[in-house]
């Protein structure tokens with residue numbers, strides 16, 4: 001399989017699918033009331049965009065339903081930044097993914113529903129035996145739903161390919177979500193299904209070119 005760039009999903013692909021829902025979401029939810037009473041201008045600007053009376057309740061509802069809301073994603077990034085910086089959060093990136101990102105012969109890009117800010121934080125504070133590891137120097141660029149669109153729409157992948165200056169058929173996209181892979185494939189991108197512990201079983205997984213370890217790439 002020849003490709004000129006790799007586009008990676010995060011949750012369920014380079015780190016356990018449980019990390020977001022069992023670590024990041026609970027950390028954020030504990031800060032919702034404090035967030036809603038914040039006098040920070042950036043936070044206030046984001047909160048007013050919800051245009052609802054019960055902002056805290058609305059935020060909790062979005063998180064509970066795992067809605068990919070762009071305003072929510074930005075707020076989460078702001079809250080998680082504090083958690084990463086004070087050592088409460090470390091990202092459990094798979095060892096084989098760390099090795100692949102550090103040693104890839106082609107540019108590595110990230111595409112996640114989480115904000116670009118949250119993505120950079122995750123890769124800046126990767127859990128390692130020596131406290132934390134910063135993978136940002138090895139990642140060429142980041143894309144999210146604000147910059148590129150929803151991950152289940154083919155137009156999003158066309159935008160990314162255009163942005164990186166590589167034809168879609170020269171990009172390999174790896175994700176645990178078959179709907180995302182279907183969307184990417186429409187543009188001509190090469191695709192692989194990430195099969196990791198805890199991921200949902202995918203029907204007809206073989207047709208999605210499954211990979212269980214990035215050492216096999």
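The backbone N, Cα and C atoms fix where each Cβ goes, and this holds for glycine too.
Here Swiss-Prot has 112, 113 binding substrate, and the candidate from 85, 90, 140, 151 in that same listed site is 151.
The annotation in Swiss-Prot ties 9, 11 to Mg(2+), and of the candidates under consideration, 176, 182, 204, the one tied to the same site is 176.
The two recorded residues, residue 176 (Mg(2+) binding site) and residue 112 (substrate binding site), have Cα atoms 12 Å apart. For the substrate site, the Cβ centre of 112, 113, 151 serves as reference, and the other residues of the chain with Cβ at most 8 Å from it are 9, 10, 68, 111, 114, 144, 145, 180. Same-chain residues with CB within 8 A of the center of the 9, 11, 176 CB atoms, the Mg(2+) site residues themselves not counted, are 10, 12, 13, 14, 17, 112, 175, 177, 194, 199.
When the Cα atoms are compared, residue 11 (Mg(2+) binding site) and residue 112 (substrate binding site) turn out to be 8 Å apart.
Under the three-state DSSP scheme, residue 11 (Mg(2+) binding site) falls in the strand class. On a Cα basis, residue 112 (substrate binding site) lies 6 Å away from residue 9 (Mg(2+) binding site).
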